[in-house]
Amino acid sequence: MRTSFVTMLALGAAAVSAAPAAPVTDLVERGSSCTFTTAEAAKAGKGSCSTIVLDNIKVPAGETLDLTKLKSGTQVVFKGETSFGYKEWTGPLVSFSGSNIHVSGAAGHVINGGGPSWWDGKGTNGGKKKPKFFYAHHLDDSTISGLNVKNTPVQGFSILADRLTLDHITIDNSEGDAKGGHNTDAFDVGSSTFITISNANIKNQDDCLAINSGSNIKFVGGTCSGGHGISIGSVGLRDNNIVKDVTISDSTVINSDNGVRVKTIYQATGAVSGVTFSNIKLSNIAKYGIVIEQDYENGSPTGKPTNGVPISELTIENVTGTLKSSATEVYILCGNGSCKNWKWAGNSLSGGKKSGKCGNVPAGASC
């Protein structure tokens, strides 16, 4: 039996119309791109896109811009101004998780945390309840690059991840100097491995970097201004109290309370080992150029060091620069026998005063 050409066309059309719709997973694999203009739409549709553009999103008060559990390989781009409604709560304002995720910012974008609405000079120590800014928790084998951030209410990036790189992150909280910004840490790292933070440009009122636990962490090429300097710790009294194999290098700390510091907690246990500070330039430091102490309690030094968190294999080399006349150039206060095998070379600080209160300084170090 012969089939006419018209009949063949009809059969072909029927076959096409009967073809099932591509499943969501196929859309991701084929490179679908989605642009979202609301936080609600982004949360609902994030699983259907391989590229997500967040376009001028205004996140409602008390809600998180939720980019957790993204499909592997997803790219996320912040475009325009991302802003957040005001409410007293703990946050976070933004949250990401997933594997092989790549987060970046389009030209001219800004993520505005709205800090002045919360700032009251008290940070997380009282007053208004303030949201943390950005959780990179379980964001593994991923990158965050080229983000421009302004006015975080309190802490900026909370990092709990493995093999995460953050490059060219700018955080400008300089308005907080006059408007009550406090506890505006830029990067807090805990229980993480193989973290690299490169080329950061930070203006804030607390630590530029604080590593509380983790291993194989690098901070390189950073500029830190206005805060408390670059810190290890405080280490102790957490679930994880081990800091190991950290390199902080080729960075600048200016107009800050401290240059570089290592802090461990009074009567706590843990360990700090294999930490290197190298080629750090300091300028106009107000309190301490280099400070290492084992006496912290409730966020403040006690003057009574303990030895439960030993600091070993510490290298401080080529830390140079200027301090205010009221600042102390170097302060070291260790517990009995808990600081050992340090390398100290090429450090040169001027303008400040010598400390008369150092204790248990290990061989090779200078105080």
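Every residue, even glycine, has its Cβ placed from backbone N, Cα and C.
According to Swiss-Prot, the active site, proton donor annotation covers ASP206, on the basis of similarity to another entry. For ASP206 (active site, proton donor), the count of additional Cβ atoms within 10 Å of its Cβ stands at 26 [all protein chains shown].
HIS228 (active site) counts 25 other C-beta atoms within 10 Å of its own C-beta, drawing on all protein chains shown. According to Swiss-Prot, the feature active site maps to HIS228.
Positions annotated as disulfide bond by Swiss-Prot: CYS34-CYS49 (among others). The DSSP secondary structure for CYS49 (disulfide bond) is coil. Around CYS49 (disulfide bond), a 10 Å sphere centred on its CB holds 23 further CB atoms from the protein chains shown.
Per Swiss-Prot, the feature disulfide bond maps to CYS208-CYS224 (among others). According to its DSSP assignment, CYS224 (disulfide bond) is in a strand.
Here Swiss-Prot flags CYS334-CYS339 (among others) as disulfide bond. Counted within 10 Å of its Cβ, the other Cβ atoms near CYS334 (disulfide bond) come to 25, all protein chains included.
Cβ contacts within 10 Å of CYS358 (disulfide bond), excluding its own Cβ and spanning all protein chains shown: 18. According to its DSSP assignment, CYS358 (disulfide bond) is coil. Look at Swiss-Prot and you will find CYS358-CYS367 (among others) tagged as disulfide bond.
Residues or ranges marked as N-linked glycosylation site in Swiss-Prot (evidence: sequence analysis): ASN318 (among others). If you draw a 10 Å sphere around the CB of ASN318 (N-linked glycosylation site), it holds 15 other CB atoms from the protein chains shown.
For ASN336 (among others), the entry in Swiss-Prot reads N-linked glycosylation site, with the evidence type sequence analysis. Reduced to three states, the DSSP call for ASN336 (N-linked glycosylation site) is coil. In the shown protein chains, 11 other C-beta atoms lie within 10 A of the C-beta of ASN336 (N-linked glycosylation site).
If you look up Swiss-Prot, you'll see 161-191 marked as repeat 'PbH1 1'. Broken down by DSSP into helix, strand and coil, the repeat 'PbH1 1' (161-191) contains 4 helix, 12 strand, 15 coil.
Per Swiss-Prot, the feature repeat 'PbH1 2' maps to 192-213. Packing against the repeat 'PbH1 2' (192-213) from elsewhere in the chain are residues 123, 152, 155-156, 159-174, 176-177, 181-186, 219-235, 238, 240-243, 246, 248, 253, 256, 270: each is 6 or more residues past its ends and has a CB under 8 Å from a CB in it.
Long-range neighbours of the repeat 'PbH1 3' (214-234) within the same chain, counting only residues 6 or more positions beyond its ends whose Cβ lies under 8 Å from a Cβ of the stretch, are 173-174, 177, 184-187, 189-208, 240, 242-265, 272, 275, 277, 280, 285, 296, 299. Annotation comment: Swiss-Prot describes 214-234 as repeat 'PbH1 3', evidence class sequence analysis.
Annotation source Swiss-Prot lists repeat 'PbH1 4' at 243-264. Within its own chain, the repeat 'PbH1 4' (243-264) is flanked in space by residues 208-209, 211-236, 270-294, 296, 308-309, 311, 314, 316, 319, 321, 349, which lie at least six positions past its ends and keep a Cβ under 8 Å from the stretch.
As annotated by Swiss-Prot, repeat 'PbH1 5' applies to 272-294. Helix, strand and coil residue tallies for the repeat 'PbH1 5' (272-294), in that order: 0 helix, 21 strand, 2 coil [DSSP].
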Residue, out of the disulfide-bonded residues CYS34, CYS224, CYS367, whose Cβ gathers the largest set of other Cβ atoms within 10 Å: CYS224
CYS49 (disulfide bond) to CYS208 (disulfide bond) - Cα separation in whole Å: 34
Spatial neighbours of CYS208 (disulfide bond) that are distant in sequence (at least 6 apart) but have CB under 8 A: ASP185, ALA186, PHE187, ALA200, ILE202, GLY222, CYS224, GLY227, HIS228, GLY229, ILE230, VAL253, SER256
Euclidean distance between Cα atoms of CYS358 (disulfide bond) and ASN318 (N-linked glycosylation site), Å: 21
C-alpha spacing of CYS358 (disulfide bond) relative to CYS334 (disulfide bond), in angstrom: 8
ASP206 (active site, proton donor) to CYS358 (disulfide bond) - Cα separation in whole Å: 24
Number of other Cβ atoms within 10 Å of the Cβ of CYS339 (disulfide bond) across all protein chains: 27
